[in-house]
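S.K.: Just dropping this structure here.
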Amino acid sequence: MTKFRVRVSTGEAFGAGTWDKVSVSIVGTQGESPLVPLDHLGKEFTAGAEEDFEVTLPQDVGAVLMLRVHKAPPKLPLPLGSLRPDAWFCRWFQLEWLPGAALRFPCYQWLEGEGDLVLREGAAKVSQEDHHPALQHQRQEELKARKEMYSWKTYAEGWPRCLDHATVKDLDLNIKYSAVKSARFYFKVHSAFTEMKIKGFVDRTGLWRSLREMRRMFNFHKTPAAEYVFAHWQEDAFFASQFLNGLNPVLIRRCHSLPKNFPVTDEMVAPVLGPGTSLQAELEKGSLFLVDHGILSGVQTNVVNGKPQFSAAPMTLLYQRSGSGPLLPLAIQLKQTPGPDNPIFLPSDDKWDWLLAKTWVRNAEFSVHEALTHLLHAHLLPEVFALATLRQLPHCHPLFKLLIPHIRYTLHINTLARKLLIAPGQVVDRSTGLGIGGFSELIKRNMEQLNYSVLCFPEDIRARDVEDIPGYYYRDDGMQIWGAVKSFVSEIVSIYYPSDVSVREDEELQAWVREIFSEGFLSRESSGMPSLLDTQEALVQYVTMVIFTCSAKHTAVSAGQFDSCVWMPNLPPTMQLPPPTSKGQARPESFIATLPPVNATCDVIIALWMLSKDPGDGRPLGHYPDEHFTEDAPRRSMAAFQRQLIQISKGIAERNRGLALPYTYLDPPLIENSVSI
């Protein structure tokens, strides 16, 4: 006879408890025990409870390998009104056989309906370290079941592949929003829509009457950053600063020679450059920068309210005066092919000509940001990482334990987006200048260009040659966050992979990398994405990229959407008149007529309000309440990572005290661990 104490911890989430009956058997080196019920007088497994059960086994099973958990409905009828009786969120089990001698079995999963779940003791193991056949078999069976549950589909040709589920109702509870998060999400959608409906904006298909009338829309959930945008949106310095610290701070690059299709002359830019210099001199000094939206050239456009919409593919030249002066725009050309019907707009032009040209650039920013920077890079790619992780790495794998907090809710929000945002008849289709067809075309184009180095933050900064441009807080904070994540990942990798050989020999790791390459990057060799990893250094870089993309990168390009768009002229989602072909034609009336109609403005602002503000149940970067790692070494690394993030946050707060517009989008407490909204 062998006696154990079994301690069980139930999650605290709404609905986490269960009325079902739970039994356990212990799998050891000498066999498996019979199922033993975990039963007290009264109800067990209530939300937030930790309970002890005395268990006696009829025979010794040898050294403990695994714990089999069986859950089944009770034989007695359930009390009236019991909620979700067949679902239970178990945090962990613990086996104790002597005082101080215990094994922890992390779970952190929902168990739905009747069935079994096999749990491993918490020490992380790569596959080649599991020498017992029962442990190897368990890994294989777990992954087989996960691959059946989570499968790939092609949503659109040329896009990364995604989860093969049509609606969030189809999702397994372990990847779904919590009940509280889901309720808050839909409440926010309903309340925002109702507010706009009461104001009479939702159903108005016509033009705004004036900029003054738009201010009524601006009163919708104002933020300090949005108020700053409203006060400064027409200023050249603020226009330029948004390429550095706005919602799409990833395009600006140093210009070493003017593109041949952007024939800016010294005479054009002399009023801004001043005397004693020239374009060539400034190019040689490295003080000129370019933002090129050429990927928009010839892209398909949409029809909104029965009217065809328009797009431009602008190039913007910017100037950073030596010293501490602000970045300023020098010239804007709205199409890629120069000619008499494609003038180069200048700060010295008429006020409305210049403002309209800048607004066309802001519309291009909207299109490129929403289709590529946000949807493709910060949602579709993290979904690839999430799905490959679930399919290729078992729970006991160190990389699963490391990555699972960084894929939380990602499959839910992306499934929801495919239903509510990018489906026919939904927001992108109804209210943006490119529509679903244009978005899809942009994603296909970018997928053909996308390179691994773009996803690795320091390499991207170097490639764009923007290491020293002043006031680039996205770069400054991003480099610190990347460094902290890389240091953390490096420590974890060194614990479980003592050599390059151990990296190469981990078949589960290699299958994970291959699946990301084939399903996410469509096996395109020119992407530079690894299809295998053969060194510790390569593994650290790769995992750092995954965590950074799923956390900091997403927050940086998502959290500011509402701030940038609620004053719509700063970020128009569509344009109703074609780009100007000459100067001197713009007037206040034609400026208003070019901007989106009232209902489209409303539609997009409500959507971006939802996508910018997490509805709750969030977890900041480095916050790991689910204790998947049980060993001391990785827990020490987590604590060091958290301390480093606290120091980074203190430095950001100190810098922001001196800024008229604080940059907060990469402040660690505001960065979500995963793509969850």
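Using the three backbone atoms N, Cα and C, a Cβ is placed for every residue, glycine included.
Predicted, not measured: the structure shown is a model, and the values here were computed from it.
Below are the features listed in TrEMBL for this protein:
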DOMAIN    2-125  domain 'PLAT'
BINDING   GLY15, GLY17, ASP86, ALA87  Ca(2+) 1 binding site
BINDING   ASP39  Ca(2+) 2 binding site
SITE      TRP110  site 'Essential for stabilizing binding to COTL1'
DOMAIN    125-677  domain 'Lipoxygenase'
BINDING   HIS374, HIS379, HIS554, ILE677  Fe cation binding site
S.K.: If one measures from the C-alpha of ILE677 (Fe cation binding site) to the C-alpha of ALA87 (Ca(2+) 1 binding site), what distance in angstrom results, rounded to a whole number?
M.R.: 24
S.K.: If you measure from the Cα of HIS554 (Fe cation binding site), which of the recorded positions GLY17, ASP39, ASP86, ALA87, TRP110 is the nearest?
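M.R.: Out of the listed candidates, the nearest Cα belongs to TRP110.
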S.K.: So among GLY15, ASP86, ALA87, TRP110, all listed as recorded positions, which is physically nearest to HIS379 (Fe cation binding site)? Use the C-alpha atoms.
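M.R.: Going through GLY15, ASP86, ALA87, TRP110 one by one, the closest to HIS379 (Fe cation binding site) is TRP110.
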S.K.: Within 8 Å of the centroid of the Cβ atoms of HIS374, HIS379, HIS554, ILE677, which other residues of that chain place their own Cβ, given that this set defines the recorded Fe cation site?
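M.R.: Result: LEU375, ALA378, PRO382, ILE413, VAL557, SER558, LEU611, VAL675.
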S.K.: For ALA87 (Ca(2+) 1 binding site), what residues in its own chain, 6 or more apart in sequence, show a Cβ-Cβ distance under 8 Å?
M.R.: GLY15, THR18, TRP110, LEU111, GLU112, LEU173
S.K.: Around GLY15 (Ca(2+) 1 binding site), how many other C-beta atoms are within 10 angstroms of its C-beta?
M.R.: 18
S.K.: Neighbour count first, Cβ atoms within 10 Å, every protein chain included; then name which of HIS379, HIS554 tops the list of binding-site residues.
M.R.: HIS554
S.K.: Most Cβ neighbours within 10 Å: which of the binding-site residues ASP39, ASP86 is it?
M.R.: ASP86
S.K.: What is the number of other Cβ atoms found within 10 Å of the Cβ of GLY17 (Ca(2+) 1 binding site)?
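M.R.: So the Cβ neighbour count for GLY17 (Ca(2+) 1 binding site) comes to 24.
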S.K.: According to DSSP, how is the domain 'PLAT' (2-125) divided among helix, strand and coil residues?
M.R.: 0 helix, 69 strand, 55 coil
S.K.: Cα distance, GLY17 (Ca(2+) 1 binding site) to the residue listed as 'Ca(2+) 2 binding site', nearest Å?
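M.R.: Cα to Cα, the residue listed as 'Ca(2+) 2 binding site' and GLY17 (Ca(2+) 1 binding site) are separated by 15 Å.
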S.K.: Near HIS374 (Fe cation binding site), which residues of its own chain have a C-beta under 8 A away, given they sit six or more steps off in sequence?
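M.R.: Expected: VAL557, SER558, GLN561.
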S.K.: With every protein chain in view, how many other Cβ atoms are within 10 Å of the Cβ of ILE677 (Fe cation binding site)?
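M.R.: Within a 10 Å radius of the Cβ of ILE677 (Fe cation binding site) lie 23 other Cβ atoms.
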S.K.: What is the average pLDDT across the domain 'PLAT' (2-125)?
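M.R.: Across the residues of the domain 'PLAT' (2-125) the model's pLDDT averages 90 on the 0 to 100 scale.
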